[in-house]
Every structure is written in structure tokens, then in C-alpha cells.
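Trainee: Starting off with a structure, shown below.
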Amino acid sequence: IKMAGDSRFPDVDTDGSEKSEEMEIVVNVGGVRQVFYGDNLNQYPETRLAELVNCLSGGYDSIFSLCDDYDPGKREFYFDRDPDAFKCIIDVYYFGEIHMKKGICPICFKNEMEFWKVDLKFLDDCCKAHLSEKKEELEEIARRVQLILDDLGVDASESRWKRCQKCIWKFLEKPESSYPARVIAVLSFLFILISSVVMCVGTIPDLQVVDAEGNRMEHPTLDSIETACIGWFTMEYMLRLISSPNKLHFALSFMNIVDVLAILPFYVSLTLTHLGAKLMELSNVQQAVQALRIMRIARIFKLARHSSGLQTLTYALKRSFKELGLLLMYLAVGIFVFSALGYTMEQSHPETLFKSIPQSFWWAIITMTTVGYGDIYPKTTLGKLNAAISFLCGVIAIALPIHPIINNFVRYYNKQRVLETAAKHELELMELNSVEGKATGSRSELEDLSREGKEGPFYSSRIKVSHSDTFIHLLSEEKHYRTRLQSCK
């Protein structure tokens with residue numbers, strides 16, 4: 001702080017208000033020197049820099065409560081903070097808003113704003129969105145780590161049945177938890193593939209047999225394989241339902257509804273085959289059974305449970321509803337326009353295939369999507385010109401939204417990989433710090449604790465005192481330590 005007067009402190013009068021308006025504040029943040037004027041800083045009196053204006057009258061105790069060091073000779077306040085973030089934060093005194101520079105971690109920047117006592121409302125909306133995204137990533141990492149810690153912990157107060165439920169749930173739902181769980185996941189995957197192949201092979205006429213009434217039916221061997229697969233799916237679903245911690249959420253989950261749809265047709269068709277003949281005509285029963293057998297295609301969606309790629313694709317499509325809506329809108333407009341033009345131009349031809357505008361919709365669809373079956377085609381010159389234009393417009397309409405959809409897929413896929421790696425690193429560092437904090441420093445003792453069921457509260461308490469830079473504060477009430485996402489730049 002530069003002012004004329006006392007050699008120990010800058011010249012501050014007891015009334016100080018007028019002087020503070022003309023005061024120059026010299027701040028050194030991470031080796032970067034900045035000069036501010038009191039009139040600018042006093043616009044936001046609750047900020048740390050504004051408090052520096054009036055802190056000198058309180059002596060050294062007041063000064064050092066606000067900064068890391070102070071040099072009376074140079075009259076500078078020193079702060080061991082990020083200078084790049086500080087350059088962005090001081091914009092609030094000149095422009096009334098703050099923008100983050102590209103490359104600064106949003107979580108770290110938020111902590112810097114809290115240190116300088118600048119309200120988050122001054123952060124621009126685009127930067128707030130980036131901050132919210134990073135917060136979600138951090139919460140996701142904390143959630144994954146907490147789930148793994150919950151799996152490791154054993155509560156001695158729980159009943160034997162509860163512990164057995166947890167064990168079955170991990171065994172069926174978390175293949176990464178143990179080697180037998182991986183084997184079960186692979187077996188489930190193979191049963192899905194076998195069941196799907198049997199469903200397809202069973203429709204080959206040469207492999208079908210004829211019953212007493214002369215109707216074709218699946219070969220008994222294929223039927224036995226199908227029954228074994230359904231038995232596995234049923235046992236798997238029932239065990240997962242029994243061991244589920246939240247049965248209502250489990251029953252309403254999309255993938256579990258798919259599981260039910262894959263199993264239910266078998267039992268309904270079996271019931272109709274043995275009991276339905278007494279209640280309705282045999283032909284109606286057979287039609288109902290055939291309709292239910294078609295529903296077996298739902299089991300192919302069970303592959304999504306074991307494939308992260310399919311899950312990523314599903315998420316990308318969910319996030320791309322806007323782009324898909326635009327694609328459908330472009331195609332709908334083009335189909336309506338070009339089908340109407342095609343019908344009008346072809347109406348004069350004696351052998352026209354365009355009988356009506358609704359019938360022309362089919363031609364417009366297969367033309368704009370570049371399928372082109374050739375069952376309906378124009379015969380006049382104007383009709384062919386209209387078809388060429390509709391083809392080109394269809395290519396453009398389909399190509400426009402594809403890039404955002406691909407970007408959503410790649411972004412989500414990469415994000416999931418980063419989160420998985422980050423969660424694993426957090427666990428490794430937590431284990432390392434907890435082992436180093438022990439007097440014996442033995443890694444095997446930590447493993448013994450997990451085997452004996454003692455690491456529940458003890459393990460988490462040792463994690464809380466970890467001084468790792470990568471410690472996730474969401475897993476603990478401790479707030480001092482910065483996470484990897486907070487430290488990255």
C-alpha cells in the first residue's frame with residue numbers, strides 16, 4: 001500500500017474514509033504485481049481486496065488475517081494464490097462480471113473466488129455451466145468411490161440375511177468385485193447369445209418338425225436349449241430381485257423391465273399351450289403363442305447390461321433428442337413437399353405409379369433416405385428432376401445432425417473412461433495414505449481389516465485424515481483438501 005506518512009504503515013487517518021478513496025493498494029499474487037485504487041475496490045466492500053483498504057489501522061494482526069505476508073518497506077501485500085485466476089477475478093472491479101480463462105479448472109476457480117470473497121453471482125452464465133459440469137463429474141467420482149467403499153465395508157450390526165443379500169447383489173451386479181462374479185457375467189452373456197441364436201435358427205424350415213396336426217414347430221432340441229436359457233434368466237432375475245436393496249426402484253428400472261419382457265413370453269405361451277386350448281379355439285392359441293414368441297427379441301437388449309458400448313450409445317441417443325428431432329422435422333417437411341410435387345408432375349402420365357399424395361409418401365421416404373427400392377418411380381422428365389432434387393436434399397438433411405450425435409457419443413464415452421480412472425486413482429491414494437498413516441505401515445493389515453469386517457468406521461476415519469491432494473471432499477466432512485479436479489489446470 002503506497003501512501004505518504006508513517007514509515008511503519010501508510011498514512012491512514014483515524015477518519016480514513018476520504019483517504020481510502022485515494023489509496024493505492026499494491027498486491028503481489030504468486031509473483032504477479034497489481035496496483036488497485038480504493039475507489040474501485042470499495043464498490044464491493046465485502047471482498048478481501050476491499051478489506052485491505054481499511055486493515056492497516058488494525059495493526060499487523062489485522063493485516064496477516066487477510067494476506068500471507070506484508071512488506072512495510074515495499075508496502076506490498078503478498079498472496080500465495082493462483083495469479084491466472086486472480087487476473088480473471090479482478091475483472092469484477094472494472095466490468096462487474098467475471099469470465100474464466102480457458103484452461104483453468106472451474107472447481108479451482110470457484111475456490112479462488114471464495115478466497116477473494118467474490119460472490120459467484122458475478123460469474124458469467126457460460127462459466128457457471130462449465131462449473132456445474134465439473135461439479136457433476138466430481139460428485140460422480142465421489143459416488144463411485146463411495147459405492148466401492150460400501151462394498152468393502154462390513155457392518156457387524158447387520159443381520160446374517162442382510163450380509164447375504166449384499167454378497168449376492170455384488171456377485172450378480174458387480175462383475176469387477178471378484179473372479180467368480182466375472183465368470184457369472186460371462187455366463188450370462190453367453191446365455192443371451194445362445195438364446196438369440198436359437199430363436200433365429202428355430203425359424204429355419206429344414207430344422208423344424210411337424211406335429212400331429214400338421215403344423216410346423218421348433219425342433220425339440222432347440223426347444224430344450226431355449227428352456228434352459230429361460231431357466232437361467234429366471235433364476236438370475238429372482239436372485240437379483242431378492243437381493244436388491246431397493247426393490248421398487250429395481251422393478252421399475254428400464255433394463256429390468258427388459259429382463260421381464262424377455263422371460264414373460266415363454267411362461268405365457270407355455271400357459272396358453274397347456275391351458276388355453278380348453279378356453280379358446282386351438283387356432284387362436286397358436287396365433288397367440290406365435291405372437292408371444294416374437295417378443296423374445298427383447299432379450300437381445302439384455303446385452304446392454306454387459307456392454308458399456310451399448311450403454312454409451314443409449315446415453316448418446318438420449319442426449320441427442322434435439323438433433324434427432326431436427327432430422328425428423330427436415331425429413332417430414334421434405335417428404336410432404338416432394339411427394340406432393342411428385343404426384344402433381346406424374347398425374348398426367350397414363351401409366352403413373354403415383355396414385356395419391358399419401359401413396360407418394362412412401363416414394364419420398366425411400367428416395368430421401370437414399371434407399372430407393374424402385375417399386376415406385378417417376379416416368380416424366382419433371383418427375384425425374386423432382387426426384388433428383390429430393391435425393392440431394394435428403395442427403396443434406398441426414399448429414400447435418402450426424403456430427404453433433406457422434407460428438408455426444410465420443411464425449412460421453414471419454415468422460416466415462418476418465419471417471420472410471422479417476423475413481424480407481426482415488427481409491428489407490430486413499431489406501432496408500434491410510435497405510436502410511438499407520439504405525440506399522442503394513443499393507444497386509446489393511447487387507448486383514450477388510451476380511452475381518454473392521455474397516456467400516458475405522459477405515460473411513462483414517463481416510464478423513466488423509467492429506468492427499470487428490471482426496472475427494474464429498475466423501476468426508478473435511479473441506480481443507482483439494483481434489484484432483486480442483487488442482488488440475
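The backbone N, Cα and C atoms fix where each Cβ goes, glycine too.
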Trainee: Suppose you had to name the range TrEMBL annotates as region 'Disordered'; which of 1-21, 442-462 would you pick?
Mentor: 1-21
Trainee: Using DSSP, how many residues in the domain 'Potassium channel tetramerisation-type BTB' (25-126) fall into helix, strand and coil?
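Mentor: Summed over the domain 'Potassium channel tetramerisation-type BTB' (25-126), the classes give 46 helix, 20 strand, 36 coil.
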Trainee: List, by number or range, the same-chain residues at least 6 past the transmembrane segment (385-406) whose CB is under 8 A from its CB atoms?
Mentor: 316-317, 320, 323-324, 326-327, 330-331, 334, 338, 341-342, 345, 364, 367-370, 377-378
Trainee: The domain 'Ion transport' (182-416): mean pLDDT?
Mentor: 82
Trainee: Which residues of the same chain, at least 6 past either end of the transmembrane segment (324-341), have a Cβ under 8 Å from a Cβ in it?
Mentor: 317, 357, 360-361, 363-365, 367-369, 386-387, 389-390, 393-394, 397-398, 400-401, 405
